[in-house]
Structures are given as C-alpha cells and as structure tokens.
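Have a look at the structure below before the remarks.
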Amino acid sequence: MADPAGTDGEGTGCNGWFYVEAVIDRQTGDNISEDENEDSSDTGEDMVDFIDNCNVYNNQAEAETAQALFHAQEAEEHAEAVQVLKRKYVGSPLSDISSCVDYNISPRLKAICIENNSKTAKRRLFELPDSGYGNTEVETQQMVQVEEQQTTLSCNGSDGTHSERENETPTRNILQVLKTSNGKAAMLGKFKELYGVSFMELIRPFQSNKSTCTDWCVAAFGVTGTVAEGFKTLLQPYCLYCHLQSLACSWGMVMLMLVRFKCAKNRITIEKLLEKLLCISTNCMLIQPPKLRSTAAALYWYRTGMSNISDVYGETPEWIERQTVLQHSFNDTTFDLSQMVQWAYDNDVMDDSEIAYKYAQLADSDSNACAFLKSNSQAKIVKDCGTMCRHYKRAEKRQMSMGQWIKSRCDKVSDEGDWRDIVKFLRYQQIEFVSFLSALKLFLKGVPKKNCILIHGAPNTGKSYFGMSLISFLQGCIISYANSKSHFWLQPLADAKIGMLDDATTPCWHYIDNYLRNALDGNPVSIDVKHKALMQLKCPPLLITSNINAGKDDRWPYLHSRLVVFTFPNPFPFDKNGNPVYELSDKNWKSFFSRTWCRLNLHEEEDKENDGDSFSTFKCVSGQNIRTL
C-alpha cells in the first residue's frame with residue numbers, strides 16, 4: 001500500500017523540522033549582558049509582535065468610528081423628530097408645581113375634598129383630531145401616562161428636565177418666547193409684570209414703519225447687563241434727551257427708554273440703531289412714539305425721572321413740563337378767536353387749510369394755538385377765522401387807491417431788482433417806452449375808453465409771460481372764458497384791483513362785443529355774485545392777451561375805441577440754457593414802479609404832505625404780549 005498523506009512522526013523524513021539547540025559557551029565569572037535575564041524562563045513573549053498587524057487594526061478602527069458617527073447622527077435626528085411631535089405634550093412648570101403639591105399632601109388633608117371628583121367623561125374644549133387610523137384613543141392614553149410620569153419625576157427630583165430648565169440662559173428663554181404664536185403679547189405681559197404699568201398706556205401706536213417722529217418710547221427685552229450699562233453712554237451722541245430704566249428678570253435685562261433724537265426718525269431707522277447698540281434682535285423690541293397729551297403718561301415719566309431707578313440725560317421735553325410743572329398749568333388760557341384772526345391777517349394767510357396747518361405748528365410757542373388744538377370744534381374755528389380774515393383784507397383793499405395798493409405790494413417784496421429788463425423787453429418788441437408809460441398811466445387810473453389794454457401778437461412772443469408777471473406783482477385776478485357758461489365767471493373782478501383775460505379767441509370777442517362794452521369803458525357794471533344779490537361796481541383795469549387784433553378787426557367795430565393795442569411781433573428770446581433773456585419778476589416790477597412813480601402820477605395829495613403810510617396797522621385785538629409756553 002502507498003503511504004498515507006502527511007507525516008507520521010515529528011521531524012521524520014526529508015520534509016520534517018530541524019531542531020537546532022544553541023550551545024552557549026560561558027565560563028564562570030563572565031559578564032552578563034543587561035538585556036538578558038538569566039533567571040526568566042522562555043515564555044515566547046518576545047515573539048508577540050513578530051508579525052505587524054497595524055494595518056488590520058487601523059482599518060477596523062475606522063470602520064467602527066464611521067459606524068458610531070452614523071449612529072450618533074441618526075439618534076440626534078430621531079430625537080429632534082420626537083421632540084417636534086411631542087412638543088405639545090410637554091407639561092408646563094405650573095402644572096408640575098401643582099402636581100407636586102398634590103403628591104406631597106398629607107393623607108388627612110387629601111381625604112378632605114370639597115369638589116365632586118366625578119369619574120364621568122367631560123366634554124373637552126380642544127379635542128385631539130382623529131388621525132384616521134383609529135389609534136387616537138391609544139395615543140391619548142399614552143400621552144396621559146407620559147405626562148404623569150414627567151410630573152412624578154419632577155416632584156421627586158429624579159428627572160433631569162428640571163435641572164436643565166434651571167441651567168437655561170436668559171437669551172434662550174427670550175428666544176423660546178419669540179417662537180410662540182404671539183411674541184408681542186408675551187413681551188407686553190412681561191413688561192406690565194415688571195414695571196407695573198401697561199406699555200400701551202405710555203404710547204400712541206404708529207401703524208406705518210415709515211412715519212417719522214423725534215420722540216420715541218422703546219422697550220427692549222433680553223439685554224445683557226454689561227451692554228445695558230454701556231448703552232447709557234453710547235446713546236447720548238444720538239439724542240437730545242433720554243430717560244432709561246432697566247430691570248432684571250429671567251429673560252435678562254428689560255430696558256424702558258424715552259428718547260428724543262436730534263432729528264426725526266422712523267421705526268426702521270431706530271431698529272437698526274438699537275440692534276447695533278444693544279446686540280439684540282429687532283423682534284425683541286417694542287418701538288412706538290409716546291403719548292404727548294396724556295397727563296398720566298407725563299406724570300409717569302416725571303416721577304420715575306426723579307427716582308434712582310432712572311438715568312436721565314438732556315433737557316426735559318416740553319410736553320412733559322407742560323402737563324406736570326405748576327407754572328405752565330397757570331398759563332393755560334381759553335381760546336381767543338381774535339388772536340387767531342390777527343395772526344392770519346398779519347401773515348396774509350387766507351386759505352382755510354393753510355390757516356389750520358400753520359397755526360397748529362405754533363402750539364409749542366403760543367398758548368392760544370395750544371388752546372386751539374385742545375378745542376373740539378377746530379374745523380368751525382378755522383372756517384370762521386378764514387372768513388373774517390378775508391373780510392378784513394377785502395375791506396382794506398377797497399379803501400386803498402391804486403397808488404397805495406402798488407406801494408403796499410412793493411413793500412411786500414424785499415429784494416431789489418433791475419427795471420431795465422422790462423424796458424429792454426419793450427424795446428425788443430418795438431414798443432416805445434414813452435407811449436407805453438402814457439397808456440399805463442391812464443390804464444391804472446381807470447380812465448374811460450382807456451381802461452383796457454390789448455397785447456396782440458403771434459404765438460410765443462411773450463404776451464402771457466408779460467401779462468402774468470404784472471398781474472402776479474399787483475396780486476390781480478384771472479378770468480377765463482372757459483367758464484362763461486356760468487353766471488359767476490366774472491365774480492373775481494369784484495375783489496380785485498386789476499384783472500386779466502388770457503388768450504381771447506373769436507367767440508370770446510363776440511361775447512365781449514355783446515355784453516362787456518361797459519366793462520371795457522371803465523363804467524359801473526352789475527356782476528352776479530354767488531350767494532349774494534347782484535353787485536354793482538366799477539370794472540377794474542382789464543389786461544387782455546390775444547392772437548387776434550380786435551382793435552382793427554372789422555367784425556367788432558364798436559371795440560376799436562375801447563381798446564389800447566400793443567403788438568409783440570418778435571419771438572421771446574431764451575439763452576443757451578433755456579432761461580429767459582429778460583427776467584420779468586416781482587423784484588424787477590418793484591424797481592420799475594419805483595423808478596417811474598412820478599411819471600405814472602401815482603402820488604396823491606396826502607402823500608405829498610406826509611411821506612408815511614396813510615393807513616395805520618390794522619388790529620383786531622387789544623394790545624397785549626403773547627405769552628409763550
């Protein structure tokens with residue numbers, strides 16, 4: 001038989017192991033190497049690291065690390081998902097405290113029960129919606145068990161949730177509040193809890209973020225203590241007055257400030273400024289202007305400003321002093337309409353809207369204007385003031401002669417102009433200056449047949465520009481043939497010293513030829529005035545511009561003797577910048593009338609005797625000084 005595979009004995013045959021025994025030749029007294037331990041036995045430990053397995057271990061470690069990292073990430077994602085799903089099931093701290101009291105109560109006290117603890121089911125105000133899978137009842141029972149378990153653990157002190165809440169920072173608390181459905185209501189509630197006054201009692205709300213105001217009331221939440229201390233100094237360069245209060249709570253420092261800035265700002269600008277100075281989000285701020293006419297709000301700022309809880313910088317706003325300082329309460333007076341009428345008369349303010357707006361702006365310095373704002377019938381007061389002012393101005397104008405009126409208009413213009421621009425323009429239009437002065441002299445005096453001047457010419461020759469500049473200086477009236485269908489289109493002539501009809505066309509000349517011949521003559525005419533009987537008056541001097549020379553047109557022969565015609569043949573000149581070469585402004589007309597005063601024969605007998613004003617200053621109030629606030 002053949003030999004079996006393998007070997008029969010150890011080390012037998014040609015393929016066996018060779019046993020080699022080392023022979024150490026050592027004699028007594030030879031030195032033994034420090035690396036050798038003669039007494040130790042050969043255990044084979046020196047052969048442990050004979051084979052290098054580092055690469056195997058490193059690969060295994062990397063695989064285990066990646067698996068652990070993936071497991072940690074998955075666990076974190078699952079925890080967040082569970083937290084989102086069970087957020088509404090977390091019990092509030094107040095319920096935990098009440099449960100602790102119930103669990104720690106003594107058996108005797110617990111046996112005493114006033115309420116009837118019925119075990120029957122009650123109707124729920126907020127029922128859980130059915131998921132559609134029929135597991136709503138099971139989920140509700142599990143939720144109750146979880147809440148009871150959390151309550152028990154929080155009462156026994158063995159759960160870590162309570163310790164985590166104690167370690168929460170103020171910033172984390174305020175962020176949790178802002179994540180709620182109504183963060184503004186939470187901040188308003190915290191403000192009232194700390195300061196004992198509602199924030200809405202101190203402010204008047206602005207709906208728009210673009211509305212500007214100089215005074216602003218701000219409540220800031222979640223401010224750190226160091227920032228609150230430094231903010232007192234950082235805010236001063238931006239404001240004229242600041243009133244700062246700060247109280248600490250679980251949210252951090254809650255600051256209340258009343259600030260008057262150096263210029264008017266809107267809410268967006270203030271949010272950006274305070275976000276940079278306080279290092280908090282704009283969602284942590286309540287920014288509104290203060291109540292300016294609330295005595296209670298003014299007293300709050302006044303009293304807290306004197307206490308040690310406030311830091312005040314700058315001069316106290318006048319609206320606080322007006323409602324708190326005793327002297328200002330003595331100066332409060334009743335409204336006097338005559339003072340308002342006198343103010344409107346002196347400032348030539350006769351439009352109702354302008355009277356209301358400008359007089360309200362004087363409330364900070366005029367006690368009568370302040371009383372006007374406190375009145376409940378401001379609209380009626382404004383209407384009465386405008387009506388009386390127009391009556392006084394109308395009567396004053398009627399008593400003045402044309403020379404007195406031109407002198408009063410010259411006194412209204414403060415600048416000094418150049419009369420030569422008007423003369424150069426007339427020469428440019430080929431009009432003799434002497435003939436124009438003669439016609440203007442008779443025109444201003446209202447001499448019959450010379451009471452109307454017609455400026456005729458081609459388009460773009462400066463007819464309307466010349467006439468409008470003269471009417472603007474003399475504060476005349478403008479009538480338009482477009483309103484001729486109305487019975488009252490000539491009514492402005494009743495209160496004017498001079499009138500103008502611009503761009504008369506063929507239908508307009510037909511109307512003048514049929515109905516206004518007496519008006520062109522300068523004779524008394526009857527004019528229909530709204531809400532009054534027919535008014536008889538002498539028609540004021542009338543200046544007409546037209547492209548039609550009605551003074552020579554055969555269609556209107558009866559107007560030839562009633563019109564003084566001047567023709568403008570040349571186009572109006574402009575410089576390379578588009579500005580008029582000849583400036584026809586109020587100051588140049590003032591210089592023109594001052595220069596030609598004697599040539600126009602505007603002097604009167606009483607003016608020669610007395611160079612002063614013939615009319616004294618009008619007064620509708622008794623002489624007294626206006627008391628300022």
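Numbering starts at 1 and runs along the chain as it is shown here.
The backbone N, Cα and C atoms fix where each Cβ goes, and this holds for glycine too.
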Which residue range, 105-114, 185-194, 425-434, is the one Swiss-Prot calls motif 'Nuclear export signal'? 105-114
Using a Cβ cut-off under 8 Å and a sequence separation of 6 or more, which residues in the same chain sit near LYS463 (ATP binding site)? ILE455, HIS456, GLY457, THR545, SER546, PHE568
Can you tell me the mean pLDDT for the motif 'Nuclear export signal' (105-114)? 54
Candidate with the highest Cβ count within 10 Å, taken from the binding-site residues ASN460, THR461, SER464: THR461
In sequence order, which residues at least six apart in the same chain have a CB under 8 Å from the CB of GLY462 (ATP binding site)? PHE425, GLN429, PHE568, PRO571, PHE572
Based on Cβ atoms within 10 Å, give me the single least packed residue among the binding-site residues GLY457, PRO459. PRO459
Using the Cβ centroid of GLY457, ALA458, PRO459, ASN460, THR461, GLY462, LYS463, SER464 as the reference point for the ATP site, which residues of the same chain not in that list have Cβ within 8 Å? THR545, ASN547, PHE568, PRO571, PHE572
For LYS463 (ATP binding site), which of the three DSSP-derived states applies: helix, strand, or coil? helix
